[in-house]
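According to Swiss-Prot, the feature site 'Transition state stabilizer' maps to ARG20, LYS27. The site 'Positions MEP for the nucleophilic attack' annotation in Swiss-Prot covers ARG157, LYS215.
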Amino acid sequence: MVREAGEVVAIVPAAGSGERLAVGVPKAFYQLDGQTLIERAVDGLLDSGVVDTVVVAVPADRTDEARQILGHRAMIVAGGSNRTDTVNLALAVLSGTAEPEFVLVHDAARALTPPALVARVVEALRDGYAAVVPVLPLSDTIKAVDANGVVLGTPERAGLRAVQTPQGFTTDLLLRSYQRGSLDLPAAEYTDDASLVEHIGGQVQVVDGDPLAFKITTKLDLLLAQAIVRG
């Protein structure tokens, strides 16, 4: 495969505790059938053939362990107290290097993401879109509710999508979004990177996601992932 011009860097924020999964270690370090989630996520990015460099942000006390697991496959940095801070710290690593053309941000918990999905996001970036997210249509009916549990309405499902990762951006747009967004609202207000782009008025394009790019968050998700990798 001949790689096109313009470097692509993938950031994997993996500094969270993963308390909902309750497996006794940070979620990214949980071994799924003999291989950690972070390892599977990084391998999926590299196997796509469109990612040049991977930067992984982990808890400060796990950096040595991450280096042992990933070896030369990724740069390791200490993450922050929340996802937004963690991505910011990973972006800071890029400031000392030649700026890549594109940056992907990918959840370690989406460890089974097919390489073809990664390539699809990068292809859309190279086609001229500045921000790209993979999505899936919703199958469940969604209700908007208030703090007391009273239903306020039923959004039209046809216009809703479930968002996955990797999310891709031109480097300049992502840096501007983080610089501006981090000043305007608390980091916890942003649940994904595209939200920061939306906040500064940027346009986000969707591409087809993949059911295998589901996020391993609960024990049920873990059982599904185990069944998939064991065939």
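Note that Cβ sites are derived from N, Cα and C of the backbone, with glycine treated the same way.
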Where does LYS27 (site 'Transition state stabilizer') sit in DSSP terms: helix, strand, or coil? helix
Note down the number of other Cβ atoms within 10 Å of the Cβ of LYS27 (site 'Transition state stabilizer'), including every protein chain shown. 25
Please classify the secondary structure at ARG157 (site 'Positions MEP for the nucleophilic attack') using three-state DSSP. helix
